[in-house]
Amino acid sequence: MSTEQTFCMIKPGILQRRQVGEILSRLERKGLRIVACKMMRMDAELCRRHYAHLQERSFFPALEEYMTSGPMLALVLEGYNAVAALRALCGPTESETAPPGTIRGDYALLTRKNIIHSSDSPDTAREEIERFFQPEELFAYEDQNEYWFW
Ligand code: TYD
């Protein structure tokens with residue numbers, strides 16, 4: 001394990017619910033460092049590319065409708081073992097089985113509206129970061145806090 005970057009989306013519903021701050025606090029509290037952040041609206045084309053592996057699934061139209069329904073927050077987070085750390089914070093995909101204490105377990109009843117995305121592997125993280133960000137949108141900086149977190 002090493003210091004990694006991972007990609008995260010705070011999905012449209014959480015902006016509508018005015019809970020962006022709460023979710024960012026949970027990510028920061030874990031020790032993850034924000035190295036890129038932008039508010040954007042997914043269009044259908046980007047949604048189809050990002051969720052290409054799901055295009056044949058029956059729920060895809062509903063997923064696309066949700067993901068393009070309003071702005072979301074795209075983030076790059078950095079930290080020791082960041083990909084797995086963020087996946088663990090988010091919890092399982094299915095809202096029905098996501099345990100309390102995980103973000104998905106605490107903030108969603110419906111899988112389709114599970115409010116947060118996280119990359120599922122370091123390779124996927126690299127692809128997703130490139131999909132959503134230009135290199136100059138990522139900030140390399142030292143915050144002197146690594147000692148306390150990793
Ligand atoms: P997926 O890439 O399988 O999982 P994850 O987001 O955990 O990496 O699914 C992408 C999104 O698609 C998921 O966050 C919510 C939605 N989805 C459904 O609406 N129904 C489903 O049965 C699944 C598997 C996913």
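Glycine too: its Cβ is placed from the backbone N, Cα and C atoms.
Database features, via TrEMBL:
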- 3-140: domain 'Nucleoside diphosphate kinase-like' (DOMAIN)
- Lys11, Phe59, Arg87, Thr93, Arg104, Asn114: ATP binding site (BINDING)
- His117: active site, pros-phosphohistidine intermediate (ACT_SITE)
Longest CA-CA distance among Lys11, Phe59, Arg87, Thr93, Arg104, Asn114, per record bound to ATP, angstrom: 22
Entries of Arg87, Thr93, Arg104 (binding-site residues) sitting next to ligand 1, with Cβ under 6 Å as the cut-off: Thr93
Sparsest-packed among the binding-site residues, when each Cβ's other Cβ atoms within 10 Å are tallied, from Thr93, Asn114: Thr93
The residue listed as 'active site, pros-phosphohistidine intermediate' and Lys11 (ATP binding site), Cα-Cα, nearest whole angstrom: 7
Arg87, Arg104 as binding-site residues, winner by CB count within 10 A: Arg104
Pairwise Cα distance for Arg87 (ATP binding site)/the residue listed as 'active site, pros-phosphohistidine intermediate' [Å, integer]: 9
Alpha-carbon spacing, Phe59 (ATP binding site) to His117 (active site, pros-phosphohistidine intermediate), which is rounded to whole Å: 17
Alpha-carbon spacing, Thr93 (ATP binding site) to His117 (active site, pros-phosphohistidine intermediate), which is rounded to whole Å: 9
For Phe59 (ATP binding site), the number of other Cβ atoms found within 10 Å of its own Cβ: 11
